[in-house]
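Below: one structure, written as structure tokens.
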């Protein structure tokens with residue numbers, strides 16, 4: 001009996017150690033962030049760096065609060081910029097996903113279609129979406145349509161490629177199972193290939209989101225009258241580092257939030273996948 | 001089998017011909033919007049002879065390449081180093097993780113205004129921007145790769161009393177190498193995109209500049225030439241990378257597609 | 001070095017080994033109070049159902065894990081030298097057959113010519129001559145496990161630990177590898193501790209079989225198989241009788 005008590009207590013000690021280590025790691029993380037912000041703040045306050053080039057974290061926070069209600073100096077409050085960007089990004093992005101994923105799936109499944117479309121795709125693919133900006137501005141003007149088109153292009157390519165690969169990598173045994181059950185070609189596509197391509201398709205959709213968001217910023221920096229990219233570009237023109245930093249952080253946070261939402265959606269759709 | 005191949009080749013030809021025909025029709029109906037294939041080719045020949053903004057076309061390509069490769073080498077070297085430390089040591093991961101996680105979602109292009117504000121529009125700014133674009137994928141993939149090494153392989157090292165250095169060289173690094181290479185591949189394409197963006201926004205040389213120059217001087221053929229060259233060089237870079245990967249990881253199965 | 005002699009030298013002693021850990025906020029007992037003596041150059045089989053603590057026990061012997069209670073003692077010399085053949089194939093995919101086999105010697109800093117010579121001998125012993133420079137992906141499952149065996153031998157171990165090495169192989173290859181492992185063991189005698197969940201394999205290979213209960217693993221029975229002549233025959237009456245005895249006594253895995 002004594003022996004077993006000793007075992008229990010020694011396991012408990014081990015577990016406590018592990019819990020302690022977890023807390024320790026968390027404290028290290030917190031300390032690291034605080035030190036980072038502290039050094040940054042001190043560097044600006046004590047003029048180690050030129051305060052024209054970079055604002056302190058506290059100034060950035062003040063600028064953020066200010067920007068919520070104050071349209072100057074870049075013409076709009078933060079909410080308007082966010083709304084402008086988000087609107088463009090979501091229109092282009094959703095269109096790309098809705099068209100790109102089914103197209104990729106079909107390309108992967110139908111050989112003739114694949115050989116017909118693939119060459120064109122291979123030619124367009126290596127050109128970064130940003131390089132399309134001038135051409136699309138010439139075609140479509142500097143309005144919403146041009147930007148949506150560029151974002152569409154940026155998000156379209158990864159959606160298609162990943163869905164395509166997903167179908168190509170379908171386990172052929174599963175297809176044979178469906179065949180022996182007498183499924184038609186279309187039925188096999190819907191019930192076997194599409195679900196099994198879903199994990200990869202979602203990878204594409206996730207990559208597309210990152211592409212779309214960063215292309216949007218570029219498009220807004222090159223030609224826009226509002227939006228987060230426009231805001232940071234104006235910040236530079238005016239030499240206002242606080243506006244730039246608020247804009248950058250907003251862009252980052254929204255990007256992260258969108259990714260998180262997408263991950264939630266992915267887990268909902270692909271419930272059968274093992275973690 | 002033979003007939004099928006023939007059919008494939010035919011289909012590919014049909015699609016390419018269709019593309020060219022479409023190009024001809026569109027460009028002939030609206031030549032201001034879209035140059036004809038002929039005009040594009042002529043513009044290309046002219047570009048090969050007369051320098052644009054005092055730099056030859058080869059010069060522009062080399063400048064873009066130099067910016068990308070310099071930044072890429074720096075990003076890969078530092079990214080693998082830091083990623084290795086983060087993946088290996090939980091404490092270092094706790095120190096660096098939060099800051100990297102906070103900075104990562106900011107697209108490299110969003111750094112352009114800040115970097116230009118700090119360092120002007122010179123060479124350093126462009127290299128720094130590409131570095132930012134390439135650094136994060138390398139660090140993250142390396143850290144993930146290192147922390148996900150199959151514990152079974154680590155046990156082999158431990159059974160034979162490998163020290164930390166041997167563990168890293170013989171087990172952890174090679175096991176994480178495929179993940180690292182995937183990160184470098186992302187870094188390469190992201191770096192190429194950033195250099196084009198940076199050159200478009202603020203530069204007097206490089207392939208991105210060609211596009212802006214064409215745009216500003218209403219020379220649509222030049223814009224198209226620039227885009228084609230950017231695509232071509234990007235494709236070559238990625239092909240070279242694939243060869244290098246095969247050479248570096250001879251044990252890996254060849255991937256299809 | 002006589003094995004046949006009645007007085008067998010103890011190579012390794014497990015004394016009251018227990019192992020527990022936390023899993024989902026509950027204490028989970030994997031191994032419960034196991035004491036075994038392992039003799040020099042014997043082929044000891046540890047047999048147990050499904051997920052009982054067999055592998056944990058082997059990890060404790062090799063030093064990969066610490067027991068919660070009890071100790072592992074090496075009476076002969078203090079320095080433990082174990083070779084480990086892992087479950088599935090823990091052969092490094094990024095090293096050639098040669099580099100895999102010489103791994104332990106390379107870590108020790110043995111000069112290249114010497115370790116190559118030794119590795120070459122072992123590669124030939126396990127029947128992989130001609131594959132020295134192949135990568136594992138070019139090899140079949142059985143061949144990979146041969147590399148694993150050669151690698152374990154190359155560390156010049158006192159004790160060889162084998163953790164269900166043939167579990168992932170098809171039946172045909174499995175029989176073949178069982179024969180091989182005996183052939184190699186006859187030629188290069190070592191103390192072997194072989195873990196398996198397959199009764200037939202256990203009876204074919206073992207000098208002794210230690211039958212473990214289901215979780216938490218404890219010693220249920222020890223069978224001595226010296227009466228069974230080697231090479232053994234799978235359909236021999238004695239063999240089948242032994243098999244049946246053990247089968248009746250073994251806990252069912254879920």
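Even glycines carry a Cβ here, placed using N, Cα and C.
Bear in mind that TrEMBL entries carry predicted annotations, made automatically and left uncurated.
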Candidate ranges B:29-52, B:221-244 [criterion: TrEMBL lists as transmembrane segment]: B:221-244
Cβ contacts under 8 Å made by the transmembrane segment (B:9-26) with residues that lie 6+ beyond its boundaries: 33-34, 36-37
Other parts of the chain folded back onto the transmembrane segment (B:127-154), taken as Cβ under 8 Å at six or more residues beyond its ends: 67-68, 70-72, 74-76, 78-80, 82-84, 86-88, 93, 100, 103-104, 108, 111-112, 115, 119, 167, 171-172, 175-180, 182-184, 186-188, 190-191, 193-195, 198
Chain residues in Cβ proximity to the transmembrane segment (B:101-121) (below 8 Å; excluding those fewer than six residues from its ends, i.e. six or more beyond): 128-130, 132-133, 136, 140, 190, 194, 197-198, 201-203
Contacting positions for the transmembrane segment (B:221-244) when only residues 6+ beyond its ends and CB under 8 Å are counted: 34-35, 39-40, 42-44, 47, 52, 57, 61, 64-65, 68, 184-185, 188-189, 192, 196, 207-208, 210-211, 213-215
